[in-house]
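Engineer: What TrEMBL lists as disulfide bond is 144-170, 145-161. Feature annotation from TrEMBL assigns transmembrane segment to 12-36, 48-69, 81-106, 182-206.
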């Protein structure tokens, strides 16, 4: 691999990470917007930090940090930054694989935990404004009512529920959507993993090539 190939690899990795850094900024900005306006509220009171805004802020921040290391490591040909980029991508990839395995193994327990948390939040609907905001947002957006249907609301369905008495429950509708789009979700997940593996491969190749180039010019 010559100097021209090294430059090509360097700029490919740079623009590849620059694009992801911009995406990270957008995700972070959207997360901050959700935290400021707090339109979605808190759904699970056992996990008060598990809000849509916090998830977007964490994901956006991670993408920005990783992409920044990739950008600076490639354009500056800095081996330390490149290896940091490689290690972080490897950790993220392993975490994704472990999470997927845990979700598959403990799917039934997760379903029970989510159903219990949703039932508890329904009981808090009239006493907690944050819970009320969360349920109203979900029911209006998904056009659903309660967990499994209108019968979950013992004192009658709130105004955010559709008027149709046979409307689906939010949890049942979300699970149905997930199962019906499982193929597309799997394809997107595989594409993300492939992009991460390519990023690690490019970083490792560029790192090795920097070593070879330094040795050839006697540094």
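The backbone N, Cα and C atoms fix where each Cβ goes, and this holds for glycine too.
Unlike curated records, TrEMBL annotations are generated automatically.
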Engineer: List, by number or range, the same-chain residues at least 6 past the transmembrane segment (12-36) whose CB is under 8 A from its CB atoms?
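Structural biologist: Contacts of the transmembrane segment (12-36) (Cβ under 8 Å, skipping residues fewer than 6 from its ends): 51-64, 66-71, 74-75, 85, 199, 202-203, 206.
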Engineer: If we skip the immediate neighbours and take only residues 6+ beyond the ends of the transmembrane segment (182-206), which ones have a Cβ under 8 Å from one of its Cβ atoms?
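Structural biologist: For the transmembrane segment (182-206), the nonlocal Cβ contacts are 6, 9-10, 12-13, 16-17, 70, 73-74, 77, 82-83, 85-86, 89-90, 92-93, 96, 100.
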Engineer: For the transmembrane segment (48-69), find every same-chain residue at least 6 residues outside the stretch whose CB is under 8 Å from a CB in it, and list them.
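Structural biologist: Sequence-remote neighbours of the transmembrane segment (48-69) are 17-18, 20-21, 23-35, 38, 40-42, 81-82, 84-85, 88-89, 92.
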Engineer: Please give the sequence-distant neighbours of the transmembrane segment (81-106): residues at least 6 beyond its ends with Cβ less than 8 Å from one of its Cβ atoms.
Structural biologist: 17, 62, 65-66, 69-70, 72-74, 189, 192-193, 196-197, 199-200, 203-204, 206-207, 210
Engineer: Only counting partners 6 or more residues apart, tell me which same-chain residues put their Cβ under 8 Å from the Cβ of residue 144 (disulfide bond).
Structural biologist: 138, 161, 162, 167, 168, 169, 170, 172, 173
Engineer: Counting only residues 6+ apart in the same chain, whose Cβ is under 8 Å from the Cβ of residue 145 (disulfide bond)?
Structural biologist: 139, 152, 153, 157, 161, 162, 167, 168, 169, 170
